[in-house]
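The next block holds one structure in the form of structure tokens; read it before the comments.
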Amino acid sequence: MTPGEVRRLYFIIRTFLSYGLDELIPKMRITLPLRLWRYSLFWMPNRHKDKPLGERLRLALQELGPVWIKFGQMLSTRRDLFPPHIADQLALLQDKVAPFDGKLAKQQIEAAMGGLPVEAWFDDFEIKPLASASIAQVHTARLKSNGKEVVIKVIRPDILPVIKADLKLIYRLARWVPRLLPDGRRLRPTEVVREYEKTLIDELNLLRESANAIQLRRNFEDSPMLYIPEVYPDYCSEGMMVMERIYGIPVSDVATLEKNGTNMKLLAERGVQVFFTQVFRDSFFHADMHPGNIFVSYEHPENPKYIGIDCGIVGSLNKEDKRYLAENFIAFFNRDYRKVAELHVDSGWVPPDTNVEEFEFAIRTVCEPIFEKPLAEISFGHVLLNLFNTARRFNMEVQPQLVLLQKTLLYVEGVGRQLYPQLDLWKTAKPFLESWIKDQVGIPALVRAFKEKAPFWVEKMPELPELVYDSLRQGKYLQHSVDKIARELQSNHVRQGQSRYFLGIGATLVLSGTFLLVSRPEWGLMPGWLMAGGLIAWFVGWRKTR
């Protein structure tokens with residue numbers, strides 16, 4: 001370790017000890033060397049004994065700075081890892097830091113724009129930042145080309161070395177967790193840190209955020225539910241992003257929304273509809289929808305529209321994940337726990353050798369008490385949390401896309417019920433989910449699949465003669481192999497002629513299945529059935545030789 005890393009590690013340890021976070025380590029795990037090490041740091045007592053553990057952890061992370069604050073925010077969404085009293089405290093972490101010098105931001109903008117002065121591209125550039133966070137800060141201006149109001153987001157200077165240095169130390173501490181905590185291995189601390197690192201590094205690339213915002217804007221073009229500000233890609237780079245300035249009411253400012261005459265019930269329901277549309281229609285969802293990133297338009301309060309900003313973190317689901325997730329929700333609310341268990345196995349989220357009966361019983365035990373509440377009071381996010389926590393006992397692998405989804409759903413649900421406490425999430429979401437599943441099966445789905453594949457088939461038409469020729473040639477080779485096997489079988493001293501028939505059929509079916517498996521994977525299960533039938537025939541023939 002470098003001297004700088006040693007100093008930083010010392011500061012981290014001193015901070016943890018001054019907040020009494022060594023209490024997190026169970027006494028049976030405190031070995032003699034650890035105990036001696038703690039006694040040697042006697043001048044670092046717990047100075048916050050009057051505060052609960054969760055609050056002390058939050059305050060310690062706050063003191064350690066931006067990288068640790070964002071790490072705590074990410075951990076607050078992993079309620080499968082922490083008890084509620086800790087997760088709730090981590091959720092209170094605020095990513096607010098002092099702004100850096102506006103003149104320095106101006107220099108960065110000029111460097112990104114080819115060295116020309118800011119005045120060459122923008123009018124009314126405001127040197128004082130509009131907002132500031134740990135990764136970037138925002139300045140206002142007008143585009144010189146058309147006079148439109150914009151905000152310019154600039155990455156903090158020299159932030160990358162700081163992030164890398166702290167991440168290195170977080171990785172070191174993560175490797176100690178399995179040794180110090182009895183449940184440390186299940187927490188998979190290194191994987192959690194790796195997930196955080198990816199999210200953090202992605203946020204440092206504003207070209208990625210620009211592309212995300214453009215995609216979301218395209219998906220909701222002309223939508224009455226959600227507006228994404230326009231991005232000006234010609235002005236964007238890795239360290240700078242320029243987008244339309246918006247004016248709206250923060251979604252957390254319920255008093256102003258009510259004063260503006262907003263239809264709160266419709267607004268809450270639209271939040272749910274926006275989320276499920278992003279997930280199931282678009283397979284591309286804004287995964288950082290906390291209240292600070294959501295506004296409501298002042299216009300048409302009777303027909304309210306959300307405004308979304310800060311698209312640095314997005315999630316996506318593949319077709320299989322979407323289908324299994326939708327069917328899981330519906331099966332759960334129909335209390336069909338057997339179906340829920342089978343879906344987890346079919347999706348590959350839990351190992352294929354999982355005992356479905358035991359898994360069903362575990363899900364029933366955890367989830368059935370939820371239905372003691374009215375449906376309107378059941379939390380979708382906590383349903384997912386209960387399912388995933390139960391599944392982890394059956395060795396469910398961490399699914400990053402589902403973790404993002406769960407986090408976003410908790411945000412959406414929290415905002416919706418803050419706006420309209422009587423919001424019935426299930427009543428709002430069920431028609432959407434049932435309609436989506438219905439659309440994925442039957443004739444409409446078949447026609448859509450044909451339309452999707454038709455261009456590929458047309459493109460491959462000129463190659464068809466060559467493909468047919470290759471198939472015939474491989475077929476000849478297959479026939480030659482079958483004949484050779486048949487001759488070898490005939491040369492054996494088989495006591496019953498019938499056995500030769502079964503052995504030949506078995507060989508033919510196995511070889512045919514193998515050939516189709518390699519050359520025609522689109523035939524689905526057919527090659528497998530042929531090979532299975534061949535093995536059965538072969539086994540019957542072998543038995544008849546005995």
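In case you wondered, yes, glycine gets a Cβ from its N, Cα and C as well.
Site annotation for ATP in Swiss-Prot covers Leu130, Ala131, Ser132, Ala133, Ser134, Ile135, Ala136, Gln137, Val138, and the matching candidate from Lys106, Lys148, Lys153 is Lys153. Distance noted between the C-alpha atoms of Leu130 (ATP binding site) and Asp288 (active site, proton acceptor) is 20 Å. A sphere of 10 angstroms centred on the C-beta of Ala136 (ATP binding site) encloses 25 other C-beta atoms. Same-chain residues that are not part of Leu130, Ala131, Ser132, Ala133, Ser134, Ile135, Ala136, Gln137, Val138, Lys153 yet have a Cβ within 8 Å of the Cβ center of the ATP site turn out to be Pro99, Pro129, Val154. Within 10 Å of its Cβ, the residue among the binding-site residues Leu130, Val138 with the fewest other Cβ atoms is Leu130. In this structure, the binding-site residues under consideration are Ser132, Ser134, and the one with the smallest number of other Cβ atoms within 10 Å of its Cβ is Ser132. Separation of the C-alpha atoms of Ala136 (ATP binding site) and Asp288 (active site, proton acceptor): 16 Å, rounded to the nearest whole number.
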